[in-house]
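Listed features, source Swiss-Prot:
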| type | residues | note |
| --- | --- | --- |
| BINDING | Gly148, Val149, Ser150, Arg151, Thr152, Ser153, Lys154, Thr155 | ADP binding site |
Amino acid sequence: MDNKIVYVVSDSVGETADLVVRAAMGQFPFAPDIRRVPYVEDTGTLKEVISIAKSNQALICFTLVKPDMRQYLVTEAAKEGVEAYDIIGPLIDQIEEITGQVPRYEPGVVRRLDEEYFKKIEAIEFAVKYDDGRDARGILKADIVLIGVSRTSKTPLSQYLAHNKRLKVANVPLVPEVDPPEELYQVAKEKCFGLKITPDKLNHIRKERLKSLGLSDGATYANINRIQEEIDHFEEVISRINCQVIDVSNKAIEETANIIVNAVQNQKMF
C-alpha cells in the first residue's frame, strides 16, 4: 500500500478535503500520494478524474457542494469500480434534515471566511503599528485616518474599526508644540476624520485619567486653558485638511464607528 494515490477533488481550493484526507491517512503506516484537483465545475472534469483514478487504482475523496455533481461522481465512479468518498455531502444533508434549512450550495465558503479572518488580523496589526502617530508612513497606507487631541478615543476607535470592520486605521495625535506630519496633508481628505470634543468634557476625561494614574488632577494636561489651546490647534489643522469632523463628546465608540463607516460607504471608496 506504499504511496497509495488519493485524488482530492473540490469545487473550491480543496483545502478542507486535503486536511481531512491527511488526518485520516496519518493513522496508517503508509505514505499517501495526495493529488489535488481544485475548482471542478463540470462533469467532464469529473469523468477525466475517474478515468485516471481507475488506471492508477486510486481513491477519490471529494468536497463538492452541488448535489448533481456529487451524485454524478459517486455514480460514475461506481460504474468504473473506483472508490469515491464524499467528505462533506452527508453532513450537509444531515444538517438540512435537522434544521429544515436549505443549503446555499455555494463553493468556497470556508476559504472566504478564512480570508475575512486574515483581513481582520491584518487590520488589527496595522492599527497597533500606526497607533498614536508612531509612524507617519501609515497615513498614506491607511483606509481611515483619525485625527484628534489626546483622549478623544482615537486608539479604541482604531481597534474597533479594525476588529469589526476590517479597516486599516492610522491615528494622529495633535499637540500645538509639534507640527503635524506632512503626510496628513497629502492623504485624500475623504479618508480623514477629525474627532472633536468639548473643552469641559475633555477636562473631565483627563482629570479622571490622571487620577487613575495616581497623579494630581491639577496638572497642565488637564488645565482648561491648555485644553482650549489644543482644541484651537486641532481646528486649525482640520480646517487646512478640510475633512469631516465628528463630535465625540457624548458618543460611544460604536456610534462614531458607524458614522465613519457610513461616510466611507457613501463615498464608495471601498
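Quick reminder: no glycine exception, Cβ is built from N, Cα and C everywhere.
Report note: the ADP site is defined by Gly148, Val149, Ser150, Arg151, Thr152, Ser153, Lys154, Thr155, and the residues of the same chain whose CB lies within 8 Å of the CB centroid of those residues, excluding them, are Asn171, Pro173, Leu195, Ile197. The secondary structure of Ser153 (ADP binding site), as reduced to three states from DSSP, is coil rather than helix or strand.
A 10 Å cutoff on Cβ-Cβ distances gives Thr152 (ADP binding site) a total of 26 other Cβ atoms nearby, all chains included. In the structure shown, across all protein chains, Lys154 is the one of the binding-site residues Arg151, Lys154 with the greatest number of other Cβ atoms within 10 Å. Counting only same-chain residues six or more apart in sequence, the Cβ atoms lying under 8 angstroms from the Cβ of Thr155 (ADP binding site) belong to Asp131, Asp132, Asn171. Gly148 (ADP binding site) carries a strand DSSP state (E or B). By a simple count of nearby Cβ atoms, those within 10 Å, the most crowded of the binding-site residues Ser150, Ser153 is Ser153.
It is Gly148 that, of the binding-site residues Gly148, Val149, has its Cβ surrounded by the most other Cβ atoms within 10 Å.
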